[in-house]
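Following: one structure in structure tokens, then a few remarks.
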Amino acid sequence: MLITNPALLGILASLAPLALGAPNQSTQARSRKCVIPSSYTSSQGTADDSPAVAGAFAQCAENSVIIFQEGVDYNIFHPIKATNLSNVEIRVLGNLHLPQDITAVQNIVKSGQNTWFTFQGPRVDWTGADDINNGWINSYGQAWWDANPANSSSFPNRPHLMSYKTSQASIKNFRSRKPIAWNVKLHGDDITVTHAIVDAKSTGGFPFNTDGFDVEGTNISITDSVMYNGDDAIAVNTPSHNIVFARNTIGYQSHGMSIGSLGKDPTDFANITNLRFEDVTVIDALYAARFKSWSGGKGLVKNVVWKNIRVFNVTFPIFVTQSYSDQSASRSGTIDPSSSVMMEDFTWSNFSGSINTYHPGDGSCVTNPCWYNAGLPNLKHTEAIVLECNTESSCKNFRTEGIRLYPQSKDSPSVICMKATAELNPKLGFECKNGTFVPQ
């Protein structure tokens, strides 16, 4: 993508020292090469290539290139686990297929193998095909989504697609088609993700929990990517520092660019700093910019910016809750409702576009009231901004500017604001009360 906007170029240049994670900087050659054979064609798509794949990762675990051949299909009928990798490039030039037998996959997950691909080690790069027709992981999630029981949000024994723990690495052209549920759990330091595609658009049942990237680490960037799914496009979890999410398009029934959820376990102290979400287009989503923490949590999230965000038909463009709940999860132990994950130095700048007034929400609602409407007084679905601070001291130095968000009904945009005090938030940009949004 050629970027010519001088202002945007300046913004991205300013981000570089913060969080555009470093690509592979190893000086050691990848001298070994393992080309993975496939039995897909000879068996008319019935043979399992997992043993050959596992063998390649065992043989070429260090200083190597592991190649899924160009234009070749592979059946990955059993999970692949490679946790002793070092200085390896995984070159995915063909297409990978998970089993289409739901019961067989559920039995594997019940046995304790709940992640289909597990990669771990320093300098582990993923290089997908340049050809858009190749480099796909096909999970056949549509059948799972359609099989989900009515009024249920959690079909049992669904696998996570991938756990990726590395450092000084790059992921390029990662492509996931119809994931069963969670896509990539990305943990580590100095990682760049570019030109990823997550396609979880459904023709039937709702694609619950199809998160794009669940991120935890330092100096991680995700750029120039497209994610259409039914949960967070990115969810930043603790501990995380110096994260950039830029020049991306997200949508379908996405839950947007999220931080959290945090604080469900009050003994887990949240520690997140320096996040940038910039130049992102959000289409038909439930949320665009979102923060979610549980009441009773502890910790600090500091220095967060959402900037230059374009929204089209989004129900909640800007949303903060410090009293989050999950319709499919419960909590145990003693909870102090006056305790919060503290939020400090948050900026929402240059938001433009349309608020979903006529058909708000998404297909994830299985309760009454819907989980995303619970606790919101007099909801009109004209809200440009929702800020739910847990206490009068838990939100500090909030700032909004350039908010140009308008309901499709052509009513005036409104705001729901709780406990973001003027004393702690002198540059909030509007008066913290429920009603018409009037920028100051």
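In case you wondered, yes, glycine gets a Cβ from its N, Cα and C as well.
Marked as signal peptide by Swiss-Prot: 1-21.
The feature N-linked glycosylation site is assigned by Swiss-Prot to Asn24 (among others).
Mapped onto three states, the DSSP output places Asn84 (N-linked glycosylation site) in coil. Sequence annotations record features per position, and here Swiss-Prot assigns N-linked glycosylation site to Asn84 (among others).
The N-linked glycosylation site annotation in Swiss-Prot covers Asn151 (among others). Non-local neighbourhood of Asn151 (N-linked glycosylation site): Val366, each in the same chain, at least six residues away, with C-beta under 8 Å from its C-beta.
Look at Swiss-Prot and you will find 217-238 tagged as repeat 'PbH1 1'. For the repeat 'PbH1 1' (217-238), the model's pLDDT averages out at 99.
A sphere of 10 angstroms centred on the C-beta of Asn219 (N-linked glycosylation site) encloses 22 other C-beta atoms. For Asn219 (among others), the entry in Swiss-Prot reads N-linked glycosylation site, with the evidence type sequence analysis.
Annotation source Swiss-Prot lists active site, proton donor at Asp231, citing similarity to another entry. Neighbour list (Asp231 (active site, proton donor), Cβ cut-off 8 Å, at least 6 residues apart, same chain): Pro207, Phe208, Asn209, Thr210, Asp211, Gly212, Ser254, His255.
The repeat 'PbH1 2' annotation in Swiss-Prot covers 240-261. Long-range neighbours of the repeat 'PbH1 2' (240-261) within the same chain, counting only residues 6 or more positions beyond its ends whose Cβ lies under 8 Å from a Cβ of the stretch, are 1, 3, 12, 15, 18-20, 200-201, 206-207, 212, 215-234, 270, 272-294, 301, 304, 306, 314, 319, 324, 326, 341, 362-364.
The N-linked glycosylation site annotation in Swiss-Prot covers Asn271 (among others) and is backed by sequence analysis. In the three-state DSSP classification, Asn271 (N-linked glycosylation site) falls within a strand. Within 10 Å of the C-beta of Asn271 (N-linked glycosylation site) we count 15 further C-beta atoms, all protein chains included.
According to Swiss-Prot, the feature repeat 'PbH1 3' maps to 272-293.
The feature N-linked glycosylation site is assigned by Swiss-Prot to Asn313 (among others). Secondary structure at Asn313 (N-linked glycosylation site), taken from DSSP and collapsed to helix, strand or coil, is strand. Asn313 (N-linked glycosylation site) is surrounded by 18 other CB atoms, counting those within 10 A of its CB over all protein chains shown.
Taken from Swiss-Prot, the feature N-linked glycosylation site covers Asn350 (among others). Over all protein chains present, the Cβ of Asn350 (N-linked glycosylation site) has 16 other Cβ atoms lying within 10 Å.
Within the same chain, residues at least 6 positions away in sequence whose Cβ sits under 8 Å from that of Cys389 (disulfide bond) are Val320, Gln322, Ser340, Met343, Cys395, Met418, Lys419, Ala420. Annotated disulfide bond per Swiss-Prot: Cys389-Cys395, in sequence order.
Per Swiss-Prot, N-linked glycosylation site is recorded for Asn434 (among others). Within 10 Å of the Cβ of Asn434 (N-linked glycosylation site) there are 15 other Cβ atoms, across all protein chains.
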Around the Cβ of Cys395 (disulfide bond), other Cβ atoms within 10 Å, all chains included, total 28
Considering Cα atoms only, can you say which of Asn84, Asn219, Asn271, Asn313 is the nearest neighbour of Asn434 (N-linked glycosylation site) among these glycosylation sites? Asn313
Which three-state DSSP class does Cys395 (disulfide bond) fall into? strand
Secondary-structure category, per DSSP, in which Asn151 (N-linked glycosylation site) falls: coil
Cα-Cα distance linking Asn313 (N-linked glycosylation site) and Asn350 (N-linked glycosylation site), given in Å to the nearest integer: 17
Row Asn84 (N-linked glycosylation site), column other C-beta within 10 angstroms, all chains, value 12
From the Cα of Asn313 (N-linked glycosylation site) across to the Cα of Asn84 (N-linked glycosylation site), what is the distance in angstrom? 45
